[in-house]
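Participant: Can you keep this structure in mind? I'll have questions shortly.
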């Protein structure tokens, strides 16, 4: 088996059961897939089922098949954090020994005061809140005062919300860059996020697609860096470029929804290249998981599942595809935060063995180790390749 292209598709927030340390995060009982299935009386995912999804963990409507089109397993998060950045970095070989800082009581004066001074405005909020709730609470005051809304969550994020007619997206992005410069050292949050919105009342406020993330960059090279350094290509889809600070990426298509992300993946698969295609499908997390909408979550899964045959038809000899996730965000549990869960591992390709139980991998960095072995790169500090099990 001579693999030339690896495609990694991250179903953002699609966890597959509580991790062993879920109690440390308040996430006992979380299971994004199975709990969603139970809430809607069964998932309809025949193509992922054929890959082995139902063999990883029981979930209503998704059985373990008699005939497989892929191999399957699950990966346990090792990094001390359950956020998007930690999950994606770990997949690419960076395990964080300490979590990014969080601010359940809001940001201290050492952060807020210089931020206010540099943007020349006050701020509203400065607390932990749901993104939709805080717009209902403070959106009208923001329109009246012109002050941006600053808030956080259980994740390591500094989020700035602003109405597009009050503070333009360009101005909002500049504020985020200022915040990113301030948030270093002990206050080095994982992400600064621009959250533009529209509407003229609490009932009509709606976040727009012009969200933008400003993530820290890894201190050591990731597999992305190593693939590019070896003279190969890295194509990114969705917010991958933001998550890695545009580092180790040859070409990016910053899509903002699942349908556009899938189209971008299909287009990149038409390109004759050797290297890595890394895509994030955001809607499970951003639109449905955080808003506790299991019906929408299930429908989004079904929409991706229905188009998997199109992706499979694009594959050629030398292709290997991985479908996984970065963390959970169980839409059926109280609260709107991420959940500490295992993530699914589905692997397939024209020359890849099917029906192999890859078991429980001890870190998401097993994916990085596998990519490193495929391309003859230096192995990451963490992770064990599963390539030999697929040959």
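From the backbone N, Cα and C atoms, a Cβ is placed for every residue, glycine too.
The model shown is predicted, which means the values in this text are computed figures rather than measured ones.
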Participant: Of the candidates 12, 21, which does Swiss-Prot annotate as part of the Mn(2+) 1 site that also includes 326, 327?
Facilitator: 12
Participant: Please pick, from 212, 338, the residue that Swiss-Prot records in the Mn(2+) 2 site together with 285, 290.
Facilitator: 338
Participant: Translate the DSSP assignment of residue 327 (Mn(2+) 1 binding site) into the three-state scheme.
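Facilitator: Coil, per DSSP.
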Participant: Give the sequence-ordered set of same-chain residues, not counting 12, 326, 327, with Cβ within 8 Å of the centre of the Cβ atoms defining the Mn(2+) 1 site.
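Facilitator: Apart from the listed residues, the neighbours are 10, 11, 13, 14, 15, 84, 87, 88, 285, 325, 328, 329, 338, 343.
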Participant: Tell me which of the binding-site residues 327, 338 sits in the most Cβ-dense spot, judged by other Cβ atoms within 10 Å.
Facilitator: 327
Participant: Round to the nearest Å and give the CA-to-CA distance linking residue 327 (Mn(2+) 1 binding site) with residue 285 (Mn(2+) 2 binding site).
Facilitator: 9
Participant: Under a three-state reduction of DSSP output, how is residue 338 (Mn(2+) 2 binding site) classified: helix, strand, or coil?
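Facilitator: It is coil.
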Participant: Over all shown protein chains, what is the count of other CB atoms within 10 A of the CB belonging to residue 12 (Mn(2+) 1 binding site)?
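Facilitator: So the number of other Cβ atoms within 10 Å of residue 12 (Mn(2+) 1 binding site) is 24.
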